[in-house]
């Protein structure tokens, strides 16, 4: 870093030639009077400049700051295997999957974990697939969960859980909403919706907890509560205590829509209870 | 004002948010951008910070030039764009690299590695080599913050723009970031020095040696800077040279392997690399996406591995890296566990769920019309939500290359079409923001060259695909304050389109729109059909009473399904034998009133006229 401060101004791409005129100009014209006139103009210009700038034109600029900065990620420890919990959330654009991932990540931070949260949602707002990854542990490196390494899958839509299960490690747990949303390509008759995605997941050998998220949310008064129900349903599966996750959900709403805070707390509890029955 | 925080505060931020915070911290006076995934949020977030001006530019070239201007005036300035945006801005970049900057100028360029939302996958690190500029490559949001601050200092120290190369996995990954307060930028003022700022050939020629001198000085700096680090490891049978988020994936995939992480990705610290390579048996270069470092190291006489074992495109995830290293070491791939195998096979069977237009989207009916005229037209498309018109059920787009290319390609298609297409009309489809970005010149060119093209200018008053940002056609600026609004009809006429060839139409009036398109494609001239309903995802959209299907009257004709509205759902399928003996598929539908916006685009195609407002029964 020290080198940065040593760079003199002549290395800067101000006019490179030592002479005040480009060489080819001098060769072509070579008139002393013109040179004098030019010098005078330059001096005049310099005199007109405010004082601090005059110094700047001639002196190296202060590069300070870089030296005192902690510029890089700290050197990661060499061994971290098995210390990270990988939670994958999958659903459809508009279901609140990203918001749920956000809350989950914030709860993990609250509990003192390092966190990385990412998603693929480029065109997801248009009804496409939304997948979000939340990784938590003492130190999290890679931004995304490697295929075959997700510990927990939260499926906000049944067929999307079937798609997402390809990302799980053996022994993983799936918490899945029984909600089924058929896309236009299914209604147009181009593709078929799977007969029973949840049974298919069970047949694959995973531990599956099916949550009637839509029913619970409807009973509580708003379909928008579905993602909080699903968060409640994984409450007991995380290294973050369910109480911390619940507090994060409630606080999140307390800030933005205080009227909905208690209702979401209730949705969380119902989701948690449904998972126990599960 | 979510922005101002105390020193040392740790916050969970995405790379985009971290860059924005650092731009503000660095004392920048101006930030400019055109929206583009994955870079969009940087400027959106900057709109929430005080003491600097954030501006949407009409395109990336304009945005960069505005930032260059602010820099020459002495201010720290910032510009953000996605990878393809830098292609647009390249003209300004390639010349300003000679002149250099005054106030620090940082250009954030976000590569969509893996193409989640782009027309191509590009490696923006090339621009560093091409323009002889330093390239900083943060790995996560914390680094994005720190590197942005460093980039301003570097820019001023070496008097050149600095490229901050981001990728989707930096921009859209949240992690904990330590942020600080705003610090005043070094005081600078405009330097009146026309030989430096006026790119006449003589002036520019004289500055070329200085550009190379600067590059050499940067290479010297690269050898010592702690932007680049070595992460020690015990397994010296391999050493990894890498940059950006791939470094973190590499550390996770190969925790014991020594790793040289290039923070300053260009110029390369060749001496440091040589010393690192000397300490390991084999060197693997891991880079997203092109083999730039690999080739430079080979040219420098180092024997390295890279794209011989790793893919040349897409994200280099932990899994991909492990597989590459196994290939390098000649180890067989492990058999995945049984559960995984069945799950992967089952997942492959699940129907696709492609992005689609929204219920009530004002683009639905234009594409329905085009799909009905499919056999008599060639359709030249453009970049935006309406590119989805290429998908089902419309299948109504033949070409789409880059921003603004619909109009210019249409020009060429109209001239070049032959054989079975000779009698087809050419239709170009472009959105409002794309038209202002790079379409105006294309329309001017169409008119000037007396082309025969019908232009659908779909004005939904938003940059829809990136989340509904403002632009000069919306009447609001980035802060949501009133701004002069461009008059598209007047603009189109000013570019030379005849008054009688310009039509403004409500796209929800589908029959009217259809008749208009059908008649205009028969006129041998440049016609412009301007639609005028706002994007349904913006505050400008006002939903109407939802519609429903009188299910006992639905004849199952399925015509409404061709509109492509996601609110229309099939409840029952059947078959009917017609009088002529042909078997016809029937699809009986319902409308999900939770999604329906009441736009009425489905009313026209409905054969039985059984779609009515929900309120009718009350």
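Note: Cβ is positioned from N, Cα and C throughout, glycine not excepted.
Remember, TrEMBL labels are computer predictions, not curated facts.
Owing to the predicted nature of the structure, the values given are computational and were not obtained by experimental measurement.
Per TrEMBL, the features are:
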type	residues	note
DOMAIN	B:545-576	domain '4Fe-4S ferredoxin-type'
BINDING	B:554, B:557, B:560, B:606	[4Fe-4S] cluster 1 binding site
BINDING	B:565, B:596, B:599, B:602	[4Fe-4S] cluster 2 binding site
DOMAIN	B:587-616	domain '4Fe-4S ferredoxin-type'
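The Cβ of residue B:560 ([4Fe-4S] cluster 1 binding site) has 25 other Cβ atoms within 10 Å, all protein chains considered.
When the binding-site residues B:557, B:565, B:596, B:599, B:606 are scored by other C-beta atoms within 10 Å, B:565 scores highest. Each of the binding-site residues B:554, B:602 was scored by the number of other CB atoms within 10 A of its CB, and the lowest score belongs to B:554. For the domain '4Fe-4S ferredoxin-type' (B:545-576), the model's average pLDDT works out to 93. Considering only the binding-site residues B:554, B:557, B:560, B:606, no residue lies within 10 A of residue B:596 ([4Fe-4S] cluster 2 binding site) on a C-alpha to C-alpha basis. When the C-alpha distances from residue B:565 ([4Fe-4S] cluster 2 binding site) to the binding-site residues B:554, B:557, B:606 are tabulated, the minimum falls on B:606. A helical conformation is recorded for residue B:560 ([4Fe-4S] cluster 1 binding site) in the three-state DSSP classification. Separation of the C-alpha atoms of residue B:602 ([4Fe-4S] cluster 2 binding site) and residue B:557 ([4Fe-4S] cluster 1 binding site): 13 Å, rounded to the nearest whole number.
The CA atom of residue B:557 ([4Fe-4S] cluster 1 binding site) is located 21 Å away from the CA atom of residue B:599 ([4Fe-4S] cluster 2 binding site).
In sequence order, B:359, B:360, B:364, B:547, B:563, B:567, B:568, B:591, B:597, B:598, B:600, B:601 are the same-chain residues whose CB sits within 8 A of the CB centroid of B:565, B:596, B:599, B:602, the residues recorded for [4Fe-4S] cluster 2 being left out. When secondary structure is read from DSSP and collapsed to three states, residue B:599 ([4Fe-4S] cluster 2 binding site) falls in the coil class. When the alpha carbons of residue B:599 ([4Fe-4S] cluster 2 binding site) and residue B:606 ([4Fe-4S] cluster 1 binding site) are compared, the span between them is 14 angstrom.
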